[in-house]
Structure formats: structure tokens, C-alpha cells
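Q: The following block contains the structure, expressed as C-alpha cells.
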Amino acid sequence: MWTASQVSLCSFLCLLSLDSHFYFLECSPLHSCRMQEQFNLSGMHRAGDVVLGGLFEIHFFSVFPDLSFSSKPQQPTCHGFDVLGFRQAQTMAFAIDEVNRNPHLLPNVTLGYSIYDNCVKLAIGFRAALSLISGEEERFELTDTCKGSPPVIGIVGDSSSTRSIAISTVLGLYRVPMVSYFATCSCLSDRQMFPSFFRTIPSDAFQVSAMIQILKHFSWTWAGLLVSDDDYGLHAARSFQSDLAESGGGCLAYVEVLPWGEDRPELRRIVDVMKASTALVVIVFAHETHMINLMEEVRRQNVTGLQWIASEAWTAASVLQTPELMPFLAGTLGIAIRRGEISGLREFLQGIHPEERSNNHYGNSLVKQFWEHTFQCKFAPPPAGQVDTGGRPCTGREHLEDAETEFMDLSNLRPEYNVYKAVYALAYAIDDMLKCEPGRGPFGGKRCGSLKQLEPWQIVYYLEKVNFTTPFGDQVSFDENGDALPIYDIMNWLWLPDGRAKVQNIGEVKRSPSRDEELTIHEDKIFWNFESKKPPHSVCSESCPPGTRMSRKKGQPVCCFDCLPCSEGKINSMECTSCPEDFWSSPQRGHCVPKKTEFLSYHEPLGICLTAASLLGTVISAVVLGIFIHHRSTPVVRANNSELSYQILVSLKLCFLCSLLFIGRPRLWTCQLRHAAFGISFVLCVSCILVKTMVVLAVFRASKPGGGATLKWFGAVQQRMTVIILTSIQAAICLSWILLASPFPHKNTQYSNERIIYECAVGSTVGFILLLSYIGLLATLSFLIAFYSRKLPDSFNEAKLITFSMLIFCAVWVAFVPAYISSPGKYADAVEVFAILASSFGLLAALFGPKCYIVLLRPEKNTKNAIMGRTAEK
């Protein structure tokens, strides 16, 4: 059906052809179009109720004559027959024939086709596409209602991204569907630019992602990139560079654009860049025509030792798998489109014959060219537009089974499989449209499309909904961008010992609707074209050894760097990174190791010695207490208040034992208890000494006339109360300290970088100072009173011993303060323990040493007469 929009399309094509010097179509105001000039394009055609168009690369090259202003422009000629391109075109014909024989798909509807050769040339491909959508009859008569039969309602093709972009730009204006089987440019996924474009091959965005995954799999971080000078290559280059940088998978040593044609100076320059680079991996997004010219220069300069990675455009190109090029291309890894199997295609291809109207199609000049190319013969006269190259005559009795050609090798159907799926996608879309129930259609007024009023944009709607499964088992559907579900095979070029080449499947990469990309590679199957038979090592700079960091080279990619040593506490990475707080760098700066912990432990020599000294002091105090209790009735023990002596010995035992709280890993309870126990124990001891000293002074004064009243203030009850009150003050200080700002265990990581020092933080410095100051105050009072009483008669005097003991006590604790402040880590605790033990041993020795000596070794002096006798002599 021709609608108003198609009439406007006709007018648009007329103007376009005039601007492009094509001069092929003219529209009259009476709704008719006539051909001004025919193209004489090579093609195959078959009539049908609905016609599908096709664009294929059947010739490699084309020659355009110089444009002139002559009345009849000359036609371009194509040469270099492409057997695989012809097989792809025949696959479309086979698929349409199979649909026509299927009673369940498009019943009572016959599909036809118009297939053109684009000669790998944009101008010819564009001409062919315009011929498909405008028709090639001499004149089209349209009714007043603009009704008629459109030439085609959809096109299968093109194989090139550049041609697909150009053609889809025009077709998209009028929503003529185009389903490509080989155009992979990611730019074609732009639905605003190309609203009617679909494809059965994954886009380059997925291909780029797959190649980056291959680079990561083999740890190749340094590669070169070659692209063709067209939309396919240039878009792939931009996508590859951005995705590679985003993934952090490596860097590109160079990016070069391969020229069209045999530009020898440019190709020589590109190969020189490849030779000068240290990158051993070369990625090529280009067509096989570009690779042919490039590899000729590579062979001329004998550039070996490179690992090639092929895009799907040339990964299966048999024209490159020659004995001359395999020494350079053997081992190539490539991304290949999905291989499929098409049942019945072999029998269809075997039925091809150059007789007129064979295979139910007309215009079989391409079949004759295929026949001439396959059997190296010629028909007389040669087909129009072809050059007579000579050779034996073709008889038509030749057999394809006897020909040595890859045309009948159907073991590796990849583009053909995509062509097959494209034809079926269009067929299922038309079938879905014809199954529409009247009054429930998707179009305005719930209309359905019909065969008599068929419009291409209706097919676009149903193509977006199509979903079917091929006989090979693959699901075919299109996403919102017109892209099929992506899957690629990973190929490897194997060089056999007999010199033959073989392309083998070594894995796949795919994306499922519910998961990300999955890469599978069977490395044991890969042929490496290196002496080591192992994958190459392609990096710009070797990984930095442990203890160093990367320093980028100025003006170079991030993969090129120098290695600089890391400072202490940091390990190597992209940059030297600091270890966590509880970790430190290993000696090699390669990794972080837990820091050594430090505290005054029971298991180290210092801790063992201090523990032993503490226990020894406790035992000695207990022994002395036992001696005093055993000899409690003797004069020496009874003199100067034996009860206070017992209290002093008990407090000294507590002083020795409290030092154990300073040994071992600090805990909350030990931190809170250690200073409280230390402070209260010493205050108890010093309080008893102070009271004893005051009693000595009071007894002496009571012995003088009028001094008896003094003793009533120093009875046993008053002595006990005084000790309790003085000790309670220290207990109140400790309790307030714990409640207001309690000591707590602390991990000190500031003093030493390599160690964690476990210590008790005092919590409140004021509390600690008050505790020590109170002890010092009592000790000072005891010392002053004892010093004042040191010359009293011996029978009443214990002041000399107290004076000496307080002197030792004060000297130890005065020396403790600077030593404690300047001691690091566990040694601060050791200093405090040493001060406790030293002062305790000093008090024990000074106060009880002489008495134990008399009690144990000089019992003759442990009598009242002996003590009183000395006084009588005086």
C-alpha cells in the first residue's frame, strides 16, 4: 500500500537523488513515479505477496568512472567475487523458501525477495537500498487514495555499520524496518536516531566488553589498537578506550586508523609504529579488506612475535588464512558471532545452477558469476557490466560437489545464521500482524494491519515484540534498542603441522537477561604462536616489587611507571597505602602485618623478676609477722605498741601484693584497682608509722613532770581511729577518682609506629596527683616527727628506725616521679612497681630488721633488764 507518507518518501528520494547526481526517480503531481535512470545493480529477485529486501557483499571492490555532465552517466563495475557473501545471500533465499513451505507460518502468504550486491561500497549500497524502497519498475501508477503495493516492507542488511547508518537514517524517517546481520556499531543502538533499525548480531559495546575481559583473563595490560576508517572502527575505538579506562584493565600503547585501499606510505608508517612499540598484543577492529592490505605490509617487513586479537569482522576470514600469512597470524584470538546450524541449507545450495529461472528466481547474473568464479570458466557473452577475463567456456554441467570451494563448507555458519534469524524475525512479525483479531489491534481505533493495507511501520511495531526460538535452540528477541541477546564464540587460529590453518572454538562470552557477562576460555586448547607455547607477557612496566609504589612516567599512560620505595608503615599498591591502625608494614613493605603488642608481662624476664620480688616481699612480711606473733610476749615486740607493728606488717604485705596488679595485660578492673590498692595500702602503712611516731613522742613527754595528761590522747582506741580516719581520706580520694574519671586500658599507637603499647590511662591526672601527694604528706609528717624524736632515750626510742625508713621511702618516691614520666611503655609500669617494691623493702628492713636480729640472733638482749639496763648505765 502506498500512503501519503510513502508519496512524500518518493518525493524525498527524488530530491536526494538529484543532490547526489543519481538521476533515478521522478515524481509527478498525478501520483505517479517513473524511473529516470536504471542502476543495473547485480541482484536476485523473486516475486511474492510480500517482498523482503536484502543487501549483501557479493563483490569485494567497485570501480567508479569519473563523473561527467553527459546525458547518460556511466555505471560502476564490481569485481572480486566473494563466495561467502554470495552464500549469505543464498541463505536469505533459502530462509524465505523455507518460510513459504511452512504451513504454520504465514499460511496463504508468499514471501518474495529482492537481493542486491553492494560491492562493499557505500554509494552502491545506498543506491541499492533506495531502489528497494522505491521500486525498479519504469512507472508506478497510484490511485487518488494513494493505495498500491510498496516494493519491499523490510530489508535484511547491511553488513557494514557505515552503510547501515547511512541507509537507516533515511529508512528511519518513514519507519521502514531494517534488520542487519553484521552491523555492530554501538551507535546504531540509538533509538532516536535509528527508530526502525534491528540486528541479530551483538553490538560493538558487548564486543568491546568481551575483548577487555580477554585482556584481563591473560593479564595483558599493554596493547595496540587498529581500527578501520569507518563508523564501525571509529566508534569501536572510542568505546574501547573509554571502557578500558573505566575498567582499569590496561592501557593502549597506540591507536591507529587503517586507510582504505593500498595506501602504502600510511600502512608502512603504521607497521613501523607497531614494531617500535613494546606492546605484544594488537587488537584490530576492521574488515578483512583492511586486514589484507595491512598484512601484506606486515609480511613485507617480517613483523613477528605479535598476538593478534580479531574483531568479529575478520576473525573467520579464510582469505587471510594462507601459507604466506599464517606465520604472522597463527595463534590469533578472535571474537566470532554465534555459530549455528541450518538444516536443509546444503541441499538448497547444491541445487544452485546458472540456468535461467533456476531456484525460482530471476536475474541470475550473480549465479553465473559464482559459477565462473568456482569453475574458472566463462559464459559467452559475459554478464552486463563484467569484464571478460578469458578462460574455458562454462558448459553448465559442472557439479558443485566436485569443486574445491568453501562455499559448501557449512561447518561454520555464523553470518549465515544471523541472516537466517533476521528473515525469520521479519516473517514472525508479519505473521503476528496477520493474526491480529479485528477490533483488538494495537493501532489507532484498535485497528489491525492487513496484507492489502500493509505499511512498514506496522512491521516495526511487531518486530519489537517478536520472540521465537530457532531450530538450533537459540532464542531470538530484541531489546528496547533493537539489539538481540548478545553471545559470542571465542576463536583461535590453529596452524597445523601440514601447513593448513584451522579456526577452532575455545570458549564463549555471553550475557543472559538475569546475569552479567560470563567468560569461558579453555586454555588447554589454545595454540600460541610463540617458542614458549605460552601466552605472551604484554605490559608497559613490570609490577612493582614489594615495598615499592608506582610513580607514573610523565607523558605516559598510567600503565607505564617507575617503582619507588614505600615509607615505613605503608605497603605497595597503585600508591603506597598506609596500614590500618593495628597493623604495620612487613620488612619487605609487601603487606601489612599485625603490630607487636607490648605490656609488662608475666612471661618476660622483667615481669618474672618483679613478680618474684613481690612474692618474696610478701613472704618475708608474713614470716616477720609470724615471728612477732610467736614472740609477742618479749620486750622487743611489746615495746612501742606491738599492735601497730602488726598493722604495719599487714599493710606491707598488701603493698607487695598490689604491685602484681601492674603486671599483665591491662584490663578495666586492674586499671581501676591498681592505683586504689597501691594508694590505700601505702597510706595504711604510713599512717601506722605516723601514729607510732606520735606515740613515741607522747610517751617521752609523759615521762616528764606534768606530761601525764598527754597519753590520754594516744590510747589504743585513739590510735586505731587515727589510722582509720587517715586511711579513709585516701579511700575517698580513690573512690572519687574512679567515679569521676576512672582509669581505663588504652592502646597507645602514637609512641611507637611498630608496636601497640597496652597501658592504663590514669583518666584524671588530678586524681593521681592527689593520691601521691597525700602519701607524700603523711610520709613527710612521719619523717619530721621521727627526725625530731631521734635523740630520745633508747628505752623509749624507735624514732631513729622510723627516720631512716622514711628517708628511704621519700627518696624512692622523689626519684620515682621523673623516672616514671620519662619511661616509655611498659617501663613506666616497671618503674612504678620498682618504686613500690623498693619503698616496701626499705620500710620492712629499716623498721623490723634490727628487731628480728635481736629476737632471733641475740635473745639475751630481748629482756626488760637489757633494755632498761642501758638506760640505767646512762
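Backbone N, Cα and C atoms are what each Cβ position is placed from, and that goes for glycine too.
Remember, it's a predicted structure, so these values are computed and weren't measured experimentally.
Look at TrEMBL and you will find 606-871 tagged as domain 'G-protein coupled receptors family 3 profile'. Taken from TrEMBL, the feature signal peptide covers 1-27. Residues annotated as transmembrane segment in TrEMBL: 605-629, 644-664, 676-700, 721-744, 756-789, 801-821, 833-856.
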Q: With a Cβ cut-off under 8 Å, give me the same-chain residues at least six positions beyond the ends of the transmembrane segment (721-744) that come close to it.
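A: Apart from its flanks, the transmembrane segment (721-744) reaches 647, 668, 671-672, 674-676, 679-680, 683-684, 687-688, 690-691, 760-764, 767-768, 770-771, 774-775, 778.
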Q: Do at least three CB pairs under 8 A connect the transmembrane segment (801-821) and the transmembrane segment (644-664), leaving out pairs fewer than 6 apart in sequence?
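A: No; fewer than 3 Cβ pairs under 8 Å.
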Q: Apart from its near flanks, which chain residues at least 6 from the ends of the transmembrane segment (605-629) lie with a Cβ under 8 angstroms of it?
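A: The answer is 637, 642, 645-646, 649-650, 652-653, 655-657, 659-660, 663-664, 826, 830, 833-834, 837, 840-841, 844, 848, 851-852, 855-856.
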Q: Give, as a single whole number between 0 and 100, the mean pLDDT over the domain 'G-protein coupled receptors family 3 profile' (606-871).
A: 82
